[in-house]
Structures are given as C-alpha cells and as structure tokens.
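Reading through the structure tokens given below for one structure.
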Amino acid sequence: MSGHACLQHQAPANPALPTEAVILGRIQETEDIFTLQLRLTDPEQQWRLGIQPGQFNMLYRFGVGEIPISFKALGEDDQGQPVLEHTIRAVGRVSRALAALKPVERIGLRGPFGQGWPLHQAENMDLCVVTGGLGCAPAVSIIEHAFAHRALYGHIHIIQGVKHSADLLWRSRYEYWAQQPETTVMMAADVAAPGWPWYSGRVTELIKRLPLKPAQTLVCCCGPEPMMQASAEQLIRQQVPADAIWLSMERNMQCATGHCGHCQFGADFICRDGPVMPYPRLRDRLGLEGV
Amino acid sequence: MPASVYLPRRDLQCLLDLIVSQGYTLKGPQVIDGAILMRPLNSTSQLPKGLEQTQAPGEYRLQQTQGLRHFSWANGPQALKPLTFVPRETLWRSEAQPDGTLKFHESIDPPEPTAVLGVRGCDLAALALQDQHFAGDPYYQQRRQSLLLIAIDCSHPADTCFCASTRDGPDAKDGFDLALSELEEGFLVRAGSQQGTALMEQLQVSEPTLEQHQEAQSQLEQARQQQRHLPDFEPAELIQLNQHTAWDEVADACLSCGNCTSVCPSCFCFSESEAPELNGTESSHQRQWDSCFSEGHSYIHGHRFRPDTKGRYRQWLTHKFGSWVEQYGRSGCTGCGRCISWCPVGIDPLQVLTQLGETQS
C-alpha cells in the first residue's frame with residue numbers, strides 16, 4: 001500500500017468479531033451504487049488497513065447484519081490519514097441499510113479476508129484487467145494499485161465491458177487511465193447509446209484486438225462467470241498461459257472464515273481460498289450447473 | 001489395541017459416579033419420545049435396557065427385549081454434533097451508545113465440562129472431521145476441549161449402517177478417552193487417553209478372562225457383517241457427473257427438507273443472522289445450523305446458484321463423498337446411516353452413488 005508500508009498484518013483473536021468504523025464520506029456513484037469512506041476508530045485495529053486488492057471485508061450495519069464487500073482502494077482523509085473505500089450496490093436488505101448511512105455514523109467491520117490478486121507474481125509483467133459489469137471493485141483495486149506502483153508493471157491493458165453504455169461507472173477514471181503511457185483502455189457496451197465512443201459488442205471481441213505479449217502478461221478478470229470463462233478461453237487461444245489468468249469469484253458468504261459452507265465451489269471455500277483464484281483451479285467446475 | 005480390563009455390569013454405576021465426581025456433566029443415551037437421545041445422566045437405571053431397534057430407509061423403531069444390555073442398539077438421530085457445534089448460538093453482541101458509537105462484545109461462555117457415555121465409532125470419526133473443519137473456530141474449540149468421551153463398540157449395528165466399509169466402526173477406533181465393549185455380564189474397558197487411563201485406574205476392575213476376550217471379538221466380527229457397503233466410485237470425478245440422470249431421479253423423490261443434513265454428524269453449514277433487541281440499542285449476532293437443501297443457501301444478490309432440489313441434492317452428495325476428500329483428505333461420510341433412516345422418503349445415498357457409477361441410459 002502506497003505510503004502506509006508500516007501497517008502490519010496481524011491475526012485477530014476471534015475473526016468473527018467486528019471492530020468499529022466511522023463513515024467519513026459517502027459518494028453516490030449511480031442511482032443504486034455508493035462508496036463509503038471509512039476510518040477504523042480503534043488505534044489497535046489499524047493493521048486491517050493492510051488489506052490487499054482483491055480481498056474483502058465484512059461490513060456490519062447495527063441491528064441489520066453483515067455482508068462481504070470487496071476492497072476498492074485506500075484513500076486519504078483531510079489529514080492525510082488512510083481511509084478504506086468500499087463501493088456497494090444497494091440490492092439487498094443489508095446493503096440498503098448501509099446505503100442509508102451518513103458521515104459520522106458507525107458501522108462494524110471485520111477483515112481483511114481471502115486471497116487477493118497475485119501482486120508479486122504480476123511484478124515486471126504486463127497486466128491485463130478484464131472486467132464485465134459495473135462497479136467491479138476488485139478490478140478497480142488492482143488498477144489503482146498498479147498505477148500507484150507503476151514502475152513494477154509493464155504495459156497495462158484495461159478492458160471494461162458493460163451491458164448498457166449508460167452503466168459505465170468511474171468514466172473519468174477510465175479516461176484518465178487511457179491517457180497514461182504504456183496503457184491501453186478498451187470499453188465495450190452490449191447496448192451502446194449514441195455518442196458511445198468505444199466498442200459496441202462483447203468483451204471477448206475486444207480481447208481479440210489486444211496487442212498482448214502472451215508470455216509476459218498476467219490477467220486479472222472480474223465479472224459474471226460466463227463472461228470470465230469466455231474471456232479466459234479466448235486469452236488461452238491467444239497463447240496466454242492458463243495459470244497466468246486469475247479470476248475473482250463470488251458466492252454467498254456469511255462467516256468469511258471458511259466455516260459456514262455457503263461459498264463452497266467444489267472443494268474450494270471462495271471466502272478463504274479465493275475470492276481471487278487461478279483459472280486452472282476453476283476451469284473444470286466453471287459452467288457446471290449448480291456448482 | 002491397549003490392554004483391557006473387565007468391569008462387571010453392576011459396577012457401571014461406579015464409572016458414572018467417578019465421572020460426575022470429577023466435575024463433568026454426564027450425558028448418556030435415554031429414550032425420549034420413541035428415540036434414543038443423549039441427555040443428562042446420573043444413574044444406570046436411566047439407560048436403555050434390553051432395547052433394540054429396527055432401522056431402514058425412512059424408518060426408525062425401538063423394540064423392548066428381555067435382554068440386560070444397555071447398548072444393544074446402533075444410534076439415535078443425535079450424534080455428538082450438537083454438543084460442539086450447537087444448533088443456535090450467539091457469536092457476539094453489539095451495543096449502540098448514546099453518542100452513536102458502537103461497542104462489540106464477544107459472546108463465548110465458558111462451557112461446562114461434559115462427558116458423554118455411549119459414543120459410537122462413526123460419531124468419533126465424524127467428530128474428528130468437524131475438528132478439522134472448525135480448527136480455527138473459537139466457539140467450537142472451547143466446547144470441544146471440554147469433552148470427555150466414553151465410547152461403546154457397536155455390537156448391534158442397524159440395517160442402515162455401513163461403518164465397516166468406511167472403516168470408522170463398528171468398534172471405536174480412536175479419539176475416545178475410554179472405550180467399552182459391552183458383554184452379557186459386563187464390560188471390557190480400554191483407555192484411549194491419559195485422562196481415560198487415570199479414570200480406569202480408579203475403577204474396581206479385574207483382568208478379563210480369555211472367554212470374555214473371545215466374546216468381545218466374536219460379537220465385533222458379527223457386527224462387521226453389515227449389509228450395506230459403499231459402492232466403488234472415484235471421489236474426484238463425482239462433481240463432473242453433473243448431468244447424470246440419477247440426479248433427476250433422486251430429485252423427484254427428495255423433499256429438500258434438510259433432515260439428512262441435520263442428523264449428519266459431519267455436516268457443518270450454518271447461517272448467520274441478526275437479532276436486534278426491541279430497545280433499539282442492543283443486538284446479537286447469531287449463527288444456526290443451515291442446510292445446503294435450504295432455499296437461501298446459494299443465494300447471492302437476486303440469484304440462486306441452486307434454484308431446484310436437483311442442484312441441492314447434487315451439492316450435498318458431491319460434497320460429502322467427493323469434494324470433502326479434497327478438502328480434508330477423506331470422505332465426509334462415516335457410515336452412520338442416519339441420513340437413510342431419517343429421510344422421510346427413504347432415499348439411500350448409497351443407491352444414488354451406485355447409480356452414478358453405472359453408465360447412463
């Protein structure tokens with residue numbers, strides 16, 4: 001994490017117990033997507049800011065419950081102190097309750113949980129981030145990380161697919177990245193409104209156009225499973241090694257510690273063994289009905 | 001096998017008294033509403049006596065005989081699971097302070113030391129599986145560490161049992177403090193831990209006779225002759241039989257009720273929920289047993305990965321017999337047969353496994 005290298009990882013005595021976080025800011029991204037900026041109030045809990053791109057926290061709304069939310073980025077408050085950013089879509093009981101919160105209100109937080117993107121393996125390689133859908137925080141977190149440590153990575157390819165062109169989130173961020181050296185940004189909308197300057201169609205079509213150097217590229221993929229599977233297979237056809245392709249998976253998670261059983265994907269507990277996992281480990285199970 | 005000693009039947013009460021005198025709450029088998037359950041126990045008179053049972057797919061019945069034995073039955077619906085992984089418990093409580101801040105309180109009550117009499121080999125093996133799964137769970141571990149286990153070698157397996165083929169029974173293999181082998185006149189007792197050895201040393205026992213050894217051996221041999229066996233299948237390949245017609249057939253019968261996962265001694269799924277107090281300032285975060293047969297088990301923002309019974313049954317079976325091996329180095333089934341007896345429509349997973357091994361029509 002840039003500027004916060006002193007943060008140490010530490011295991012809590014009881015990983016089921018939350019700690020308090022205060023909301024510093026709240027950004028309404030779209031009608032139903034919002035970002036919370038959080039500070040942990042207990043000085044002894046600051047180690048939790050060591051969260052890595054691709055990992056997640058459990059966010060708790062008093063009296064309502066907990067949900068797993070991907071880490072988006074570490075921002076800074078007015079005093080330059082680190083704040084956790086979580087982007088949430090208000091779709092369920094808990095996320096709607098979180099959406100109703102305002103700055104200064106308190107929530108519970110426990111984490112970080114799970115395996116993030118393979119940052120060390122990615123060093124000195126080209127990064128290819130393929131995202132389907134909107135507000136995909138795991139993808140944004142790895143892109144932000146790569147730009148914060150720009151010298152560690154080669155070319156950065158960013159492919160973002162959305163259903164409708166109006167769904168695109170953080171558009172100015174993508175436009176900013178597109179202007180950076182050694183960076184390719186390509187967008188695809190299944191349905192494009194007039195004036196959409198990018199591609200109209202599927203993400204896999206854009207992958208075909210990428211000037212990849214397959215032997216030195218690491219792929220970070222996040223989105224619906226059929227889209228991730230199709231993207232991974234297309235990348236393999238373009239000679240990217242299967243074990244250089246990493247997917248961020250999603251399942252029902254309640255405990256986040258590999259105990260409650262809901263997130264099992266075959267033998268893997270997505271909360272503990274994932275959410276980010278190498279494609280070869282998932283390949284024979286993706287697309288199986290009901291797995 | 002460690003050396004056994006002989007405890008006459010009339011002295012079983014001494015063992016019970018000894019355990020209670022060491023500060024344990026003793027639980028043992030008792031007939032409650034027509035089934036054998038583990039309940040607080042002080043006296044051997046509370047134990048079943050001469051009770052036998054019939055178990056079959058969808059059937060569990062007790063029969064009184066003139067026999068003297070306390071353990072001439074295989075198992076009831078309850079394994080050790082509720083003692084360590086309790087059906088419902090509070091994980092933590094939160095408190096909203098007048099200034100808007102939140103306080104969190106861990107909710108782990110020190111468990112009372114509990115001894116269990118009459119634990120079977122299948123349930124010891126299942127406990128070992130749950131020990132693996134809940135290794136990092138402080139709630140489970142605290143209860144687990146306060147257990148004293150008095151096992152019984154199974155002399156009367158039910159028709160639904162197949163512990164011989166999973167190699168988890170009928171005798172108690174390991175993981176017990178004391179193990180008893182019930183004979184007509186008394187018990188052969190062996191220790192499986194230092195605690196067990198210490199208990200055994202305080203009992204009035206004698207050297208078993210050759211005949212007593214032979215009686216124990218021959219009834220064990222007989223108990224091994226079980227009718228049900230695990231069929232041959234390759235655990236790693238189960239999950240790939242995703243489109244086999246066997247799933248459609250079993251889904252036609254299955255009620256998705258979750259009885260099998262409740263009585264299964266190794267099933268570990270739980271859901272978490274919030275129970276706010278009416279005062280608006282306190283709330284407790286709880287967990288309770290869940291089942292992969294429940295509607296919400298695979299739910300994620302508006303989508304269920306397993307919307308139908310077929311998907312849920314397939315998840316249960318492929319996990320128990322397939323992916324469990326990858327997770328924990330062995331199958332999640334210890335051959336207790338409870339899921340067969342307590343299935344209201346009498347589904348036998350061994351039959352489904354057999355079907356899966358056959359070529360599809």
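Here the Cβ of each residue, glycine as well, is placed from N, Cα and C on the backbone.
Per TrEMBL, these features apply:
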- A:16-119: domain 'FAD-binding FR-type' (DOMAIN)
- A:Cys255, A:Cys260, A:Cys263, A:Cys271: [2Fe-2S] cluster binding site (BINDING)
> If you average pLDDT over the domain 'FAD-binding FR-type' (A:16-119), what do you get?
Replying inline: 95
> Minimum Cβ neighbour count within 10 Å among the binding-site residues A:Cys255, A:Cys260, A:Cys263, A:Cys271: which residue?
Replying inline: A:Cys260
> Per DSSP, to which secondary structure element type does A:Cys263 ([2Fe-2S] cluster binding site) belong, with helix, strand and coil as the options?
Replying inline: coil
>> For A:Cys271 ([2Fe-2S] cluster binding site), which of the three DSSP-derived states applies: helix, strand, or coil?
In response: helix
> Among the binding-site residues A:Cys255, A:Cys260, A:Cys263, A:Cys271, which ones place their CB within a distance below 8 Å of a chain B CB?
Replying inline: A:Cys255, A:Cys260
> In the domain 'FAD-binding FR-type' (A:16-119), how many residues does DSSP put in helix, strand and coil?
Replying inline: 16 helix, 51 strand, 37 coil
